[in-house]
């Protein structure tokens, strides 16, 4: 098998002069980037299509030593061929989402993978860049979690990458000593690398679609807003996360306390009062020890998922390219964001992310029910939204979702589902709808919306539960379950086996790659999935939105694709009626 030479263009006389030679051998293709050459391998897609795999390409200098807690810097050129046949280390983390978490990964982790399908033509291919999930404290872009085999059946190039997490990615002293948002700035650096180098791989840097799930989804939306990301992509897909979800909002006021606590945990508290001295001290702490400090912040179960957050930054000589200069809500209200083709959606039961472990772990459930009001107030950031009225908001929530009871009754399916809905709406659905409405009102089009409610053989909910124990309840479609059909994940799940699961996977891949190729998930209108288009968008309401509902399961023959109104209008209306700081007029 040979790849046609026109996959790799020789660009001696263009602005891409660094692509001086692009050569290959039948089994180990070689590509020259701006910084040096990479030897890849030839692999095969689900449908046995050959594709080239280039893994472990550095897109920034290792963020270690003096570069810890600093914005990423471009990689140093290399004068040898990088072995791109295996994944590079993922970013150091402790993944509390899964059972028996331990510190793993490396601080030297800013690497990306590029996957290029075999094609017969000479035209540059559209590019899809995936931003991984993980709550900004876990996750990876490596092929054991984000495998390319399904997408490589289509005529697109796929790029995956790592970015700094937890304390390494999001510590902030709110000044030039550690301005913060380093993980998001890593994402920008990866996009810059793609912009500068993807043509060497046969990709079109004017047809780049960024897409992400959960934390990656919120990141995608923030890239629409950030001035640092301008011009680096042309389309976007957000899966289960948006800029107005609370976990994607900057929380500057909390960070001084977080930094002070971290200093105490690491023996750096003598330097309190001098952010420079604190950061200098923290740079000397061994990476594993620093990662372990996340344990010290936990007050219940794995809460908080992470104490670190996005922050707004000031542009200074020492911080010339801040990622966020104001709260995303203010940017959206001002219409200060990229109005490019955007596909956005969620899964039916987002709340399983935390409901599964809280309910399926008996001791955890007992603790939660014994201290329900206090713990739920903390977990769902009620004081952030309602201030002194948090207790009133809590009562309204329990009345609406839990039948007026301040506990989860595992013997009552309505109670279990009610808690799933409560967590999912608070953490995901409401912020997504807020974001879409506000962006529509500011003239953003085209936008496509979807809701994913297909129940397959496997579920991330079983991973998040972190136990084999269960309750008598039929669990629905969990947060992250859509990923099962876009990416092979051999580090987490066996191969898809059920006919319907495989069919769903091929359909989802078609939607996503159609969007990347044509700017439309349903370009031939086979399913009448139209973008949201309003003559007077300034008055649009949630009830006006037409959403693609994807439903079915692996046990029956029917998979359905229906464009309908939202199925959770009553739940969105509930939150819109509450006195929340993040609410804005005439929403609902």
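Backbone N, Cα and C define each Cβ position, glycine as well.
Feature annotations, courtesy of Swiss-Prot:
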SIGNAL    1-23  signal peptide
CARBOHYD  79  N-linked glycosylation site
CARBOHYD  83  N-linked glycosylation site
DISULFID  91-109  disulfide bond
ACT_SITE  214  active site, acyl-ester intermediate
CARBOHYD  257  N-linked glycosylation site
DISULFID  268-281  disulfide bond
ACT_SITE  350  active site, charge relay system
CARBOHYD  389  N-linked glycosylation site
CARBOHYD  396  N-linked glycosylation site
CARBOHYD  472  N-linked glycosylation site
ACT_SITE  479  active site, charge relay system
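When the Cα of residue 91 (disulfide bond) is compared against those of the active-site residues 214, 350, 479, the shortest separation belongs to 214. Neighbour counts of Cβ atoms within 10 Å were compared for the disulfide-bonded residues 91, 109, 268, 281, and the top value is held by 91. For the glycosylation sites 83, 472, the ranking by surrounding Cβ atoms (within 10 Å, all protein chains) places 83 first. With residue 109 (disulfide bond) as the anchor, the candidate recorded positions are 281, 350, 396, and the one with the nearest CA is 281. Only 214, from the recorded positions 214, 257, 281, 389, 396, 472, place their Cα within 10 Å of the Cα belonging to residue 479 (active site, charge relay system). Rounded to a whole value, the Cα-Cα separation of residue 83 (N-linked glycosylation site) and residue 350 (active site, charge relay system) is 39 Å.
It is 48 Å from the Cα atom of residue 472 (N-linked glycosylation site) to that of residue 268 (disulfide bond). Calculated from their C-alpha atoms, the gap between residue 396 (N-linked glycosylation site) and residue 281 (disulfide bond) amounts to 46 Å. Of all the recorded positions given, namely 257, 479, the one with the smallest number of surrounding CB atoms inside 10 A is 257.
Note on residue 350 (active site, charge relay system): other Cβ atoms within 10 Å of its Cβ, all shown chains, come to 28.
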